[in-house]
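Asks: Right, I'll just put the structure down here and ask away after.
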């Protein structure tokens, strides 16, 4: 069995009137994230991790923000495309660990729904998906509530 590891990172700034979607879950908040797509910083980081694990580039190469076809795109569909590329290379998700870095809103009430959504996109069981959140103790752009960041690390296994 071959094992590959990928890391993804994404950031979006606050300032949109679009709904806030994180990990495929709509979260009530007074503003959304500015982005060409739906702005799901969590699924963008996960997509980059999956693509990176198999040396398939990054989300920007596959879905450029200069391409109007992806304006308002559902990030779950982008991740599903990345997963299909992995399946073509005969790899599946071993496990994934996600860290959301945000001062607000509180993520705890939404973690289980995010785990379920991510597991569905990755075609894996929820036990293979971990999502956690932290703040920056009011430091930096996240602490000033200018945006949200997300890290994702994925282990992919050959089948």
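Cβ coordinates come from backbone N, Cα and C, glycine included.
These came from Swiss-Prot, pasted as-is:
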| type | residues | note |
| --- | --- | --- |
| BINDING | 10-12, 36-37, 58-60, 63-67, 102-108, 134-137, 141, 144 | 4-CDP-2-C-methyl-D-erythritol 2-phosphate binding site |
| BINDING | 10, 12, 44 | divalent metal cation binding site |
| SITE | 36 | site 'Transition state stabilizer' |
| SITE | 135 | site 'Transition state stabilizer' |
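Thinking about packing and proximity, how do these listed features fit into the structure?
Replies: DSSP classifies residue 10 (4-CDP-2-C-methyl-D-erythritol 2-phosphate binding site) as strand under the three-state reduction. Neighbours of residue 10 (4-CDP-2-C-methyl-D-erythritol 2-phosphate binding site), defined as other CB atoms within 10 A of its CB across all chains, total 25.
Within 10 Å of the C-beta of residue 36 (site 'Transition state stabilizer') there are 16 other C-beta atoms, taking all protein chains into account.
Classification of residue 135 (site 'Transition state stabilizer') by DSSP places it in coil, neither helical nor stranded. The Cβ neighbour count for residue 135 (site 'Transition state stabilizer'), using a 10 Å radius over every protein chain in view, is 15.
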Asks: DSSP secondary structure for residue 44 (divalent metal cation binding site), reduced to helix/strand/coil, please.
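Replies: DSSP call for residue 44 (divalent metal cation binding site): helix.
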Asks: Within 10 Å of residue 105 (4-CDP-2-C-methyl-D-erythritol 2-phosphate binding site), Cα to Cα, which of the recorded positions 12, 36, 44 are there?
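Replies: Close recorded positions: none.
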Asks: Count the other Cβ atoms sitting within 10 Å of the Cβ of residue 67 (4-CDP-2-C-methyl-D-erythritol 2-phosphate binding site), across every protein chain shown.
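Replies: Its Cβ has 11 other Cβ atoms within 10 Å.
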Asks: Beyond 10, 12, 44, what residues of that chain have CB atoms within 8 A of the centre of the divalent metal cation site's CB atoms?
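Replies: Surrounding the site, in chain order, are 11, 33, 35, 39, 40, 41, 42, 45, 148, 150.
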Asks: Could you state the whole-number distance in Å separating the C-alpha atoms of residue 67 (4-CDP-2-C-methyl-D-erythritol 2-phosphate binding site) and residue 36 (site 'Transition state stabilizer')?
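Replies: With the alpha carbons as reference points, the distance is 9 Å.
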